[in-house]
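Quick notes on the structure that follows.
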Amino acid sequence: MPSYTVTVATGTQWFAGTDDYVYLSLEGTEGCSDRHLLDKPFYNDFERGAVDSYDVTVEEDLGEIQLIKIEKRKYWYQDDWYLRYITVKTPMGDYLEFPCYRWITDEKEVVLRDGRAKLPRDDKTQILKQHRRKELETRQKMYRWKEWHPGFPLSIDATSHSDLPRDIQFDNEKGIDFILNYSKAMENLYINRFMHMFQSSWSDFADFERIFVRISNTISEYVMQHWKEDFMFGYQFLNGCNPVLIRRCTEIPKKLPVTMDMVECSLERNLTLEEEVKQGNIFIVDYELLDGVDANKTDPCTMQYLAAPICLLYKNLENKIVPIAIQLGQKPGPDNPIFLPSDATYDWLLAKIWVRSSDFHIHQTVTHLLRTHLVSEVFSIAMFRQLPAVHPLFKLLVPHMRFTIAINTKAREQLICECGLFDKANATGGGGHVQMVQKAMKDLTYSSLCFPEEIKAKGMDSKEDIPYYYYRDDGIKVWEAVKSFVEDVIHIYYESDEVVCEDVELQAFVKDIYIYGMRGVKSSGFPKMIRTREKLAEYLTVIIFTTSAQHAAVNFGQYDWCSWIPNAPPTMRCPPPTEKGTVTIEQIVESLPDRGRSCWHLGAVWALSQFQDSELFLGMYPDEHFVEKLVKEAMVKFRKNLDEIVNTIAERNKKKKLPYYYLSPDRIPNSVAV
């Protein structure tokens with residue numbers, strides 16, 4: 001009688017093993033095997049990290065094995081089991097791989113296909129077509145869209161982390177408990193002792209050092225020492241944690257009536273302001289989105305304020321970007337002066353602090369929350385709803401969706417919800433952040449997520465003109481490496497543009513993103529359909545780059561750049577100045593966050609800047625969803641390209657007092673998971 005050797009690999013996660021009864025049956029082109037009991041509880045098989053083998057004897061040859069059916073039956077209590085993969089050695093000596101990488105949580109039968117990736121047109125038999133269809137029908141019931149706030153991209157239909165399908169939950173929910181992590185962070189940073197003086201002000205800038213944790217050779221300490229300097233202010237627009245707003249100024253806007261007389265002392269080339277603009281030496285950052293946003297009113301004892309500044313910057317003869325004019329409101333007038341470097345020291349310093357505070361708000365809510373977290377969740381939900389596990393694009397994308405829905409659900413549960421942690425320290429808490437996302441949706445376009453295109457659209461693409469824009473330089477390298485890898489995979493499975501057009505599952509995935517993610521807004525530029533391999537490569541690169549590199553670039557520098565509170569105030573307790581010559585050091589300190597809010601802020605940027613336990617970085621694919629040799633070769637090539645980028649960045653950083661490493665591939669997690 002024919003005998004098959006079945007090997008079963010259990011996951012290494014905590015509680016991945018099981019003591020339940022496990023049954024298996026094989027289904028081939030010539031028939032099905034009986035239901036075999038692989039293990040009894042007291043045999044101690046299926047332990048965490050175990051690989052167990054069994055001989056399964058059948059009456060007759062089953063032909064080509066198409067499906068494996070696994071069933072788990074309760075022993076004493078319901079015992080979840082994480083199944084990595086199953087391999088089958090046939091009587092002919094062939095090896096078949098059946099990837100799973102799922103939690104088996106109940107007593108329902110789980111059906112696995114072999115690991116070869118297949119497009120819908122590749123399935124010829126009714127049994128495989130039916131399995132494919134049934135998997136998507138089941139997933140679409142589990143992964144439902146829901147509107148969290150009007151005007152937002154749709155998110156998962158779940159009110160808490162525990163409501164999520166088991167496969168996308170964190171292994172350890174405590175690890176992503178924001179309240180627990182913030183409290184732990186404040187304890188680790190020794191700042192809990194200030195919380196009893198929650199609403200009291202600091203005495204002066206030096207007083208902020210009492211909660212500042214010195215970590216040798218970090219950017220944060222350099223920021224603390226140089227934050228008042230114009231070069232440091234300008235540098236952050238290029239390489240800080242929000243390096244996405246600066247654009248080349250092609251015309252001074254009428255709402256910023258800067259004259260040559262105002263800025264002449266800041267210009268170094270003996271040119272007029274108009275000539276400097278024409279030569280491409282003037283840059284602008286406009287915080288118009290904050291105009292009209294309601295400031296946090298959740299604490300009646302502390303007034304909080306927002307501003308919507310416009311900042312003009314200049315590339316000097318050393319190629320450094322420095323500020324030359326700041327207007328703190330959008331409407332020019334006598335009560336909205338333009339602050340200049342030639343003004344009194346404290347006037348100019350407070351104007352820069354207001355810009356840094358506004359930058360923090362845009363960074364947190366738009367650059368970080370909307371344009372990485374919420375967008376990545378859209379990609380993730382659409383993938384689970386429309387791409388079965390056998391689809392090559394599911395296999396390609398699933399590592400980049402790891403824990404994204406879970407972290408966003410937890411954030412809605414604890415962080416950005418009404419009365420959540422966001423309200424404790426941020427001037428945009430209490431609903432302002434919701435207004436910001438709603439306003440920012442009009443600028444969330446497909447082209448703005450195409451990294452090289454967005455850099456070019458802002459006039460920031462010339463390395464010769466702007467030589468110290470490391471966010472751009474490293475980002476382009478990573479974008480090209482990802483795109484090259486994606487193209488290699490696409491050409492393995494799609495031999496022509498016609499095959500792309502015919503892939504109904506791909507088209508449903510793209511349509512889901514357009515309709516639910518972008519709310520069907522035509523002006524978003526998101527495609528409703530993809531017709532060519534070239535466009536597909538770009539589309540998938542947008543997804544992978546956004547969920548990995550873009551998030552890394554704007555998330556993991558938060559402690560570096562925001563832990564020195566005066567450089568990134570999460571709230572301001574006095575309104576913006578309406579005249580010059582009146583600002584004092586006491587007024588500045590009184591405007592900055594009080595002790596309690598400073599502590600919450602510091603705990604937040606620390607917690608948000610930490611990698612997850614067992615983090616998987618770009619190019620790391622320990623779960624072998626692909627079994628084909630050609631794809632594995634493409635992965636090796638991808639890792640080699642990434643290693644070269646790592647080495648290039650490391651070599652450059654050796655000579656830098658301010659190293660830029662957020663887009664080094666060895667520091668880019670595969671997915672949005674924190």
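Here the Cβ of each residue, glycine as well, is placed from N, Cα and C on the backbone.
Because TrEMBL annotations are produced automatically, they should be read as predictions rather than curated entries.
Under the heading domain 'PLAT', TrEMBL lists 2-118. Taken from TrEMBL, the feature Ca(2+) 1 binding site covers G17, D79, D80. Here TrEMBL flags D39 as Ca(2+) 2 binding site. Here TrEMBL flags W103 as site 'Essential for stabilizing binding to COTL1'. Taken from TrEMBL, the feature domain 'Lipoxygenase' applies to 118-674. Taken from TrEMBL, the feature Fe cation binding site applies to H368, H373, H551.
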Could you give the number of helix, strand and coil residues in the domain 'PLAT' (2-118) as assigned by DSSP? 3 helix, 61 strand, 53 coil
Can you grab the distance from H551 (Fe cation binding site) over to D79 (Ca(2+) 1 binding site)? Cα atoms, rounded to a whole Å. 35
So which other residues, same chain and not among H368, H373, H551, have a Cβ within 8 Å of the centroid of the Cβ atoms at the Fe cation site? T367, L369, R371, T372, S376, Q550, V554, N555, V672
Sorted by position, what residues of the same chain at least six away from W103 (site 'Essential for stabilizing binding to COTL1') have a C-beta under 8 A from it? D80, W81, Y82, L83, R166, D167
If the Ca(2+) 1 site is taken as the center of the Cβ atoms of G17, D79, D80, which further residues of that chain fall within 8 Å of it by their Cβ? F15, A16, T18, D19, D20, F46, W81, Y82
Listed in sequence order, residues with CB under 8 A of H373 (Fe cation binding site) and six or more positions away: T404, I407, N408, A411, H551, V672
Relative to the Cβ of G17 (Ca(2+) 1 binding site), which residues of the same chain, six or more apart in sequence, are found under 8 Å away? T10, F46, E47, R48, G49, A50, W81
What is the separation, in Å, between the Cα atoms of D79 (Ca(2+) 1 binding site) and H368 (Fe cation binding site)? 37
Please determine which of the binding-site residues listed here (H368, H551) has the lowest count of neighbouring CB atoms within 10 Å. H368
Measure from the Cβ of D79 (Ca(2+) 1 binding site) and count the other Cβ atoms within 10 Å, all protein chains considered. 17
